[in-house]
Every structure is written in C-alpha cells, then in structure tokens.
C-alpha cells in the first residue's frame with residue numbers, strides 16, 4: 001500500500017487559467033474533466049483539486065509522471081454521489097494496482113488531495 005499527497009495554491013491555478021484559458025486545462029485534463037470543472041460553481045477549486053489528485057496519484061505510484069504515466073493517462077471523475085475516483089485512459093495504465101482511492105478537499109486558498117494505492 002502506498003500513499004501520495006499534494007496541495008495546490010488556488011491563486012496559481014487561477015492566474016494560469018485567466019491567462020491561457022482552456023488551453024491551460026487541455027495540458028493536463030481530459031475533455032470530460034474539463035467539462036466537469038467548468039460546470040462546478042467553484043471552477044478554480046475544481047481544477048486545482050483535480051490537478052492535486054493527479055499529482056497525489058503519481059506520488060503514490062512512486063514514478064511521478066514518467067514510465068508511461070502522463071497527465072492524460074487517467075482522469076479524475078465523480079461518481080453519482082459526487083465522490084472522486086480515478087478512471088484510467090486504458091486498461092494497461094496501472095497494471096499492478098488493485099484499488100486506487102482518492103480524496104480531494106479545498107478551501108478559499110488551496111486544494112489538497114490524497115491518493116491511496118493498494119498493490120495486487
């Protein structure tokens with residue numbers, strides 16, 4: 001079992017989004033993630049939360065964004081109850097992983113995410 005944590009300053013995300021718009025989001029989010037974020041009442045917090053969650057997942061993997069894992073190798077989506085989950089882009093993305101659990105929280109200044117990976 002491994003854990004990863006990341007925290008993101010909302011101001012940093014807001015400045016980049018205001019400067020580059022959707023092009024900024026397309027660098028690290030899938031189209032489905034972008035649509036979800038833009039529908040949320042707190043757009044910047046939603047973007048920052050997904051950014052932090054992706055960072056937390058690769059930290060838990062122990063690889064960072066390398067070894068074939070890229071920003072768009074997986075998406076951070078929400079189930080019907082609103083809980084975030086990891087959706088791999090393809091079945092081979094996390095071959096040795098059992099369950100990947102994530103939690104995302106944010107306040108006025110930052111978003112934080114935790115990822116827990118259970119290995120097979």
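Note: Cβ is positioned from N, Cα and C throughout, glycine not excepted.
Just so it is clear, the model here is predicted, and its values are computed rather than measured.
Going by Swiss-Prot, these are the annotated features:
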BINDING   6, 55  Mg(2+) binding site
Close in space but at least six residues away in sequence, with Cβ under 8 Å from that of residue 55 (Mg(2+) binding site), the same-chain residues are 4, 6, 8, 113
On the three-state reduction of DSSP, what should I expect for residue 55 (Mg(2+) binding site)?
helix
Could you tally the C-beta atoms, other than its own, that fall within 10 angstroms of the C-beta of residue 6 (Mg(2+) binding site)?
21
